[in-house]
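Working notes for the structure below.
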Amino acid sequence: MIGIKILVNCALPYANGPLHVGHIAGAYLGADVFVRFNRLIGNEVLYVSGSDEYGTPITVRAEKEGKSPQEIADRYYAEHIETFKKLGINFDIFMRTTYPEHSSVAQEFFLKLLNEGVIEKGTMIAPYCRKIGRFMPDRYIEGECPYCGYKKARGDQCDNCGRTLDPQELINPVCILSGETPEFRETEHFFLRLDLFEERLEEWLKTKTFWKPNVLAYTRNFIQGGLKKRAITRDIDWGVKVPLEGYEHKRIYVWFEALIGYITGAKMFSEVIGKPNYWKEFYFDKDVKNYYFIGKDNIPFHSIIWPAMLLGYGELNLPYDIPANEYLTFKGEQFSKSRGIGYTVDELLRVIPPDYLRYYVASILPETGDSDFSLEELVKTVNSDLIDKYGNFVHRTLSFINKYDLKITKPNSLNDEAFEYAQNAFKEYCDELSQVHIKRSLAIWLNLAIYANSYFNKSEPWNLIKTDRDQCNYKLYVSLKLAQYLTAMIYPFTPTSAKAIWEQLGVNMDIDSSFSILNSINDFSVKPSRIPFEKLDIDKLKL
C-alpha cells in the first residue's frame, strides 16, 4: 500500500447549524485519523471537504431567523472552519458550494449527463402550500415516516431510519412554515435515470466484499427494491441554476450538485498549488483509491446515486470504499442539532482539550452499530487510557532517566521480546488502519501501552541502576523504544499531545516521519518530562 495515491472525500456538512459530536463521529474524525496514518506510511493523500450551502436546509433556517440564505451560509461556514481547526482537522481544501467555481463544475456535469441521455425531462407531483403560495420541496414538509413510524421525518429523508423519501410518501404531511397540509401539484423537472445503471451497480458491488456489512447490506437492499429515476431539480430560488433556456427558475437539487463538490474541491486545490490537472490523477488514474467518509444517512447518495453519476459521466473513478459509520447517540437518542440533543463540539472544547475528545470519540466510533456518548465515560476513558496507561508509562521512563542524569546509548542489536512485541503490534495496527478499522487499531495501541507498563515494572530499573548499569541502560532503551512506538501510533488520534511527547523523547526526526524509524535502532536525547495530560474531574466539567 505504501507509496500510492489516496483520495479522501468527507461529506460536506450543511451550513445550517453548529457541528455536534455526532457529525465528528459520523465522518470527520475517522477520516482525519485515516489521512494522517496514510501520510505517515508515505502515501500521497488529497483530503477534500466543503460547506454544503444550497437547498432547503439553509433556506428553512433562514426563513425561521428572518435572514437571507447567504447570511446563514456565511455564519456557519466560518463557524465550521473554526471548529475543525480547534479539533485539529485540517483539510487540503474546504470549498463552498456557493462559490462560482462550483456552479460552473456542477452545471457542466449536469449538461454532460443530459447530453448522454442520463438526465431527462419529466413531470412529478410536488407539495404546494396554498397559504404561502409556492412549492415546498424537501425539508419544508414533515410527517410520519411510512417505514419506521418516526413522527418528524422530512420530505427528503427520515433521520431515524435513514431512508430517502419523497414528500408524498409521508403520512399526515404538513408544511413546516404554515402548519397546513400541502396539496400535491404537477411540476416539470429533470430526472436522473438511475434505472440505467442498476445492473452495472450490482456488478460493481460484487467487488466490494471488504465493505462494512452495514454499508453493503443497505446498498444491496436499496438496489433490490429497483432503481427508479430521481428528480434532480427543484422549484426553489436558492441553488445552482439549471443552465438551460426556459428553466432559469429551476435549481439543481442540492444532493446532486453537492456530490459534485468533491470534484470542485479537487479542481480548486489543483489551481491553488499551480497544477491545474492534478485533480485528474485522483479521478482518472485507476490505481488511485477513493474513500468517502460519511454518516449512515448519506449512504445511498454515495453508494448508489454518486456512482451512477460517475458512470454516466464516463471514465471517472468509482468509490473504492465508503466506510460509513452508524449513529452516535446521546442517552439513547440520535445527536441532532435541530432537536438540541447532545453537545456541540464547541461546547465540549470549552471544557476539555481537543485530544481528549478525539481519543474518546475514536474509542467509541459507531463503525458497525450505534454507539452512545457519555461525558462520564469520556472522563473514565481519558483518565484510564491516556493518563494512567500511556502518560504514566512515558513519564516514569523519562523521569527516571532524568533523575539519574542518564545518557541512554543505543545497543548494537535488539533481541528483546518487548521489541518484537512492539513490532508485531505496529504491523497489526497498520493492517487495521489500512482497512479503516479505527477502533481495532486503537485497541492494539492500548494493549501495547498496557504491555509497556508491565515491561517497565518487571525491568525494575531502580534496582538495576545499583547492580548492573549496562542492563539498566538496555532496559531503559527498550522502554524508550516502546514509548516511541506508542507516541507515533497515537499521533493520528491525538496529534497535539503526541507531538509534544515526541519532542521530549529527543528523536532527531519530525514525528511526521516517525513511522520510517520505528523498527530501527535510533538514538534518543531525552528532554525533561512534561506530559501534556491532566486528569479530568467530572464534577468540574460545567456544560
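Numbers here mean position along the shown chain, with the first residue as 1.
Cβ coordinates are placed from backbone N, Cα and C, and glycine is handled just like the others.
Taken from Swiss-Prot, the feature Zn(2+) binding site covers Cys145, Cys148, Cys158, Cys161, and the record attributes it to sequence analysis. Residues near Cys158 (Zn(2+) binding site) in space but far in sequence (CB under 8 A, at least 6 apart, same chain), listed by position: Cys145, Tyr147, Cys148, Tyr150, Leu165.
Residues or ranges marked as ATP binding site in Swiss-Prot: Lys337.
The DSSP breakdown of the motif ''HIGH' region' (13-23) into helical (H, G, I), extended (E, B) and coil residues amounts to 3 helix, 2 strand, 6 coil. Taken from Swiss-Prot, the feature motif ''HIGH' region' covers 13-23.
Residues annotated as motif ''KMSKS' region' in Swiss-Prot: 334-338.
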Exercise. Within 8 Å of the centroid of the Cβ atoms of Cys145, Cys148, Cys158, Cys161, which other residues of that chain place their own Cβ, given that this set defines the recorded Zn(2+) site?
Worked result: Pro146, Tyr147, Gly149, Tyr150, Ala153, Asp159, Asn160, Gly162, Arg163
Exercise. Looking only at Cβ atoms, how many others are within 10 Å of the one on Cys161 (Zn(2+) binding site)?
Worked result: 15
Seminar exercise, completed: Out of the binding-site residues Cys145, Cys148, the residue with the smallest number of other Cβ atoms within 10 Å is Cys148
Exercise. DSSP on Cys161 (Zn(2+) binding site), three-state: which is it?
Worked result: coil
